[in-house]
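Undergrad: Below you'll find the structure I mean.
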Amino acid sequence: RISFNGVLNAMEKAAESGVSLIAAASCVGLILGVVTLTGIGTKLPSILLPLAQHNLILALFLLMISTIILGMGLPSSVCYLLMASLIGPVLSDLNLVPLSVHLFIFYFGMMSMVTPPVALAAYTAAAIAQTGIMKTGFVAFRFALVGFALPYTFTIHPELLFMSSNQGKVSLLLVIFKVLVTIFAIVPLAAAISGYWFTTLKFWQRLVLLILALIILLTQFDGIQYWLRSVSFVIIAIIGFYNWRSKSFSPSY
């Protein structure tokens with residue numbers, strides 16, 4: 001059985017571990033206070049709609065930032081309900097499948113748990129592992145970076161969610177095709193973030209792979225975007241083949 005001193009030591013360690021979380025939680029109050037006092041939350045629909053008409057990616061980026069900020073101090077479900085109620089009136093004007101936008105909001109409401117400066121899930125793990133909270137937060141953020149691109153992809157390409165962009169019947173072949181294209185783009189995106197693909201990548205290779213992967217994920221197969229995607233596929237394949245040919249194996253002993 002644990003002794004009285006053991007109980008006191010456990011309480012002391014719990015208090016020490018909680019100090020960093022208390023500091024992070026206090027930052028949340030400041031952020032939410034700014035959002036509330038400035039009234040930026042209620043102005044969000046009037047900002048998103050003009051942006052979406054000119055630059056959909058920028059509008060989704062602003063929606064992502066807003067969701068992550070609110071998700072810092074709110075549970076994911078509450079964050080989703082709040083954001084959905086704010087942008088609900090303009091969803092029909094964004095020319096997007098409404099369900100995909102709702103999933104976009106809920107997804108980033110959860111991703112706020114691993115997004116510094118208030119990555120509460122990462123900070124909790126850091127307290128348990130007795131490691132630096134900021135270092136753990138940024139490592140978690142780095143591991144999750146690839147996941148930040150996926151909501152944009154399934155919002156622009158709702159076929160990934162087995163939904164049609166024109167509210168019609170979705171084709172199974174189109175779903176399979178877009179899933180394969182997304183997988184093809186996710187691999188070089190992960191390589192660009194990690195800096196390794198068969199061998200260590202040079203800086204210019206990482207930059208090129210990052211740009212080309214985002215082009216594939218965020219564009220359509222029509223007009224000039226078709227050619228951009230096609231060229232991106234070819235360049236990524238060339239870089240991958242070149243690195244595969246030049247890979248070096250180090251001894252395991």
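Each Cβ is built from the backbone N, Cα and C atoms, and glycine gets one as well.
Below are the features listed in TrEMBL for this protein:
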- 2-159: domain 'TRAP C4-dicarboxylate transport system permease DctM subunit' (DOMAIN)
- 20-44: transmembrane segment (TRANSMEM)
- 56-83: transmembrane segment (TRANSMEM)
- 103-126: transmembrane segment (TRANSMEM)
- 138-158: transmembrane segment (TRANSMEM)
- 170-191: transmembrane segment (TRANSMEM)
- 203-221: transmembrane segment (TRANSMEM)
- 227-244: transmembrane segment (TRANSMEM)
Undergrad: Could you pull out which residues elsewhere in the chain have a CB under 8 Å from any CB of the transmembrane segment (103-126), counting only those six or more residues past its ends?
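TA: Beyond its ends, the transmembrane segment (103-126) has Cβ neighbours at 20-21, 24-25, 27-28, 31, 60, 63-64, 67-74, 76-77, 79-80, 83-84, 87, 132-141, 143-144, 147-148, 150-152, 154-155, 161.
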Undergrad: What same-chain residues lie close to the transmembrane segment (203-221): Cβ under 8 Å, and 6 or more beyond its ends?
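TA: Long-range Cβ neighbours of the transmembrane segment (203-221): 57, 149, 152-153, 156-157, 181-182, 184-186, 188-189, 191-193, 195, 197, 228-229, 232-233, 235-236, 239, 243.
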Undergrad: Could you pull out which residues elsewhere in the chain have a CB under 8 Å from any CB of the transmembrane segment (170-191), counting only those six or more residues past its ends?
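TA: Non-local partners: 146, 149-150, 153, 157, 159-160, 162-164, 197, 201, 206, 209-210, 212-214, 216-217, 233, 236, 239-240.
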